[in-house]
Amino acid sequence: MAEPFLSEYQHQPQTSNCTGAAAVQEELNPERPPGAEERVPEEDSRWQSRAFPQLGGRPGPEGEGSLESQPPPLQTQACPESSCLREGEKGQNGDDSSAGGDFPPPAEVEPTPEAELLAQPCHDSEASKLGAPAAGGEEEWGQQQRQLGKKKHRRRPSKKKRHWKPYYKLTWEEKKKFDEKQSLRASRIRAEMFAKGQPVAPYNTTQFLMDDHDQEEPDLKTGLYSKRAAAKSDDTSDDDFMEEGGEEDGGSDGMGGDGSEFLQRDFSETYERYHTESLQNMSKQELIKEYLELEKCLSRMEDENNRLRLESKRLGGDDARVRELELELDRLRAENLQLLTENELHRQQERAPLSKFGD
């Protein structure tokens, strides 16, 4: 019975030497009791070979061989030439594995070339899929793994790299140097553009803002001394001039006439703006009330003005006395100026002999 089994086994199609390694392998357990059937899932078509009927077993319900008479699974590793076949045939042709068949024990079978090909080791197994090398390429594979494990060389930053610093963190000296450098660069670029005939825009700087800011406040002390000195007559004395100069300079704020006018104008503008805003925010009743208050204030000021006019008329006789005092003051100033000129002449005459004696 071994010869028909081997002949049918040899006629099965062979795709490669590793077809048996890809399928699920399972060795027969020698301790399994005889006659035990191996249950195979019906859903998996790989385990049901309908194209090739089973040999050496009883016919099934559909005319095929029973599950007991399946050929032994192929081994993934190399087996001896005759031991694999004998172990696979034990469950089918042995006396203790067949339930109802009276088959004699198989005779010794000579190894065929097909059986030797099936018994060769598989080189395309999972080990080769994971990248395991063959026996001859172990060194090359190890070298590739070492190269992959090496870290890439990372270049260090250049030591000559300029560290940038924000402008607001610079010191005063650093800001000054930076501004000078930028101005020189802008001037150079403008000169190059002008030489090429291209239109040149003015240097973009904020200095004009500072100039406008400085011009907002008037020059309070420019030309005050010369104008006041030219307006003074020759009959004034040095003491009177110093006193008048102190009055012209203003109070403790040190601002002259132009400064006081500027402050007065600024105050009036601010007051008008505030008054306008307050009137716009008032309701109609509040505006009527404010108008009545202003009329009362106007009538009161008119009464005060009339009273002061009457008093000035009563004191009209004192105006002549005031004029006489003003004339007397002018005469005394003229005498004082004459005395000053005479004193200066006497000093010059006293210095002349001393200069001759020194020579």
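Any Cβ shown, glycine's included, is placed from N, Cα and C.
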> To which residue among SER16, SER69, SER98, SER278 does Swiss-Prot attach the annotation phosphoserine?
Replying inline: SER98
>> Quick check on the record annotations: which of THR15, THR236 is tagged phosphothreonine by Swiss-Prot?
In response: THR236
> Where does the phosphoserine label fall among SER128, SER183, SER233, SER312, going by Swiss-Prot?
Replying inline: SER233
>> If I look at Swiss-Prot, which residue among SER66, SER97, SER158 would I find recorded as phosphoserine?
In response: SER97
> What is the three-state DSSP composition of the region 'Required for inhibition of ESR1-dependent transcription' (310-355), stated as helix, strand and coil residue counts?
Replying inline: 46 helix, 0 strand, 0 coil
